[in-house]
């Protein structure tokens, strides 16, 4: 079986419980997309139970949108590190404010992440580059394009090597690297940036895939990103056909994950290993 | 008039204000399903105003998903107990962590609940049984089936008798008991477990029905659970017909509550008094 | 160009970053409707970064549903006042509890608001009238009707004059005044009161319009309210045609904002300057 199809297969077979410490803006969508993929979400985040709750889960997702829950992320993250289970980081607006710069540094110091997924501004910030991002959205100057692809791929690869985490940048072009292999993915559509939470949902889904395939978080991350990108294309085709807008697009996107087949994933994936 | 139809009728007639102290994952769906049923939701949860806000309401819903708001639940619950108005508990993941075990015990000690709605793992835990549940989802071992129905019904009845609360278990089979009468309900569909919040939404709707029919919380609870189950069937028929997924299912479920007629409820209810 | 069409045009052209400190019930819808309108939402609310995060934004929205975040609203609001950028207030349930009365008074003392949008109970409370509102919903006694329109318009005008803010009341009839001009708007539909968050979403959208047209918050507020009202009409026509309910209505409402054209706004606006 194709290994990306196998990752999807394993999510449906194992129904991994994914513990998400994530922000109130998109938490409902994150839970529903994990369910759509085939996993089981738990959103417990109270510092008094974060580590104990994580112990029941196959993977942990730490989303810096829930900046006030950083202490819970550290407790739960250390617990999962001890248990050898995947921990996924979404460094929301990591370089945006001094608080976020501090929290990002502390999380990276205290917890070993299997996979880190951000937009280009966030990942460039973690890589130590100057960034132009003013918050949750990627800055135009930071974006990954066919023109700067080589430079960006090397940035992502080097960050993966330095951190020992799979590094994933999502955008018009996605990049994923484990420090050795680097993949560029070309699925998705522009409307994904017109809903809140496409990034958060993707990170949550990476948690489900890593929870189902903990021995290969690179493949799991590529598979989750491809499922998301292809689902975006399905939802976009419907939006154009039906003349709907971003709210219906969001619903269709989650539905498309729910209905994604292994064949559809294998046939739809637009990727290349650099 | 059929008494379950009357309960639905009263929700639409009285438009009860329902105060919900509930979790951030599903709070929006809880508010929208109360509105769909015909009630009016208030989600104020700040400990400085919880009791005062509750005073304006016809019923209070305490959802342990909002574990950090337990102090607000106790203050508002005591206030509603004093006023003689219904208080409904959703013991989310009650046995899942030591924090939840403590909070569940404290809530049950401090507040008298009219109705308690959980999944089989949660209710079995409250009944003092060993449970296998690892969090928000019901464990396969705990589930209520046609095979263990008699044992489960007695467990629910005894818990109702001991607590003086209507006890409701939702799942493939629903059970409701007030310690004297015990009803088994057979509406619903499997996709309800593929969205986040079907349990929370149901508990919120029980709050609306109890607020409209405070003198008979057993009937109100049975009616609310039947409205939810039938709505699940309506949404499932649409999902199968249209090839949609869990996100559209959630929308269709709330729509079905919005459009539920008294006739549809009476004709669609699959229940039996044991 | 018609000035209301120009306001919509500017939102799409400038894509203003709107910082919202808003409540967990409707925060996802608020973010998605800002995106639908053409703006870019940021929901950062932690008191340690609220002011710094606001500095990146073109407008700030303070929603009193997030009552526990009042300190963040004050810090961010003062910062935006210093920068001369619009700050919009949604005084959710302002007169409903003593806590809310205190917080409303403190916000109005500490921050200068460009625009304040509430329901009739909330705005009447701010104007010093006796109100009957018991929480988040407008009381029937407080509503603005064709019968009390003259009195209500004077109340709104006087409050605008006293506070120096544009005052907007939404309901069956909307009123907007800057103390000189007062407009009455007659778009919208009754189903808007059957979803949670129509008020919150509207206030967020006012933030986007004021962020794009800071030099004329009266026009920006009227334009945003008209976009919302016309979108409600579009969604209502679909609901009636398709037999759907309040959940689909919410999705269609946001979609209609996404698809709103300048021509549709100009042709659909039902307004008169009193």
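Placement of Cβ uses the backbone N, Cα and C atoms for every residue, glycine included.
Per TrEMBL, the features are:
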type    : residues     : note
BINDING : A:43, A:197  : substrate binding site
BINDING : A:117, A:170 : ATP binding site
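Annotated features taken from TrEMBL, shown on the structure.
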{"residue": "A:43", "record": "substrate binding site", "Cβ contacts under 8 Å, 6 or more apart": "A:20, A:21, A:22, A:27, A:30, A:31"}
{"residue": "A:117", "record": "ATP binding site", "Cβ contacts under 8 Å, 6 or more apart": "A:88, A:89, A:90, A:168, A:169, A:170, A:199, A:202, A:203, A:206, A:221, A:225"}
{"residue": "A:197", "record": "substrate binding site", "Cβ contacts under 8 Å, 6 or more apart": "A:25, A:26, A:29, A:30, A:250"}
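Under 8 angstroms separates the C-beta of A:43 from a C-beta of chain B, among the binding-site residues A:43, A:117, A:170, A:197.
When Cβ atoms from all protein chains are considered, those within 10 Å of residue A:170 (ATP binding site) total 27, not counting its own.
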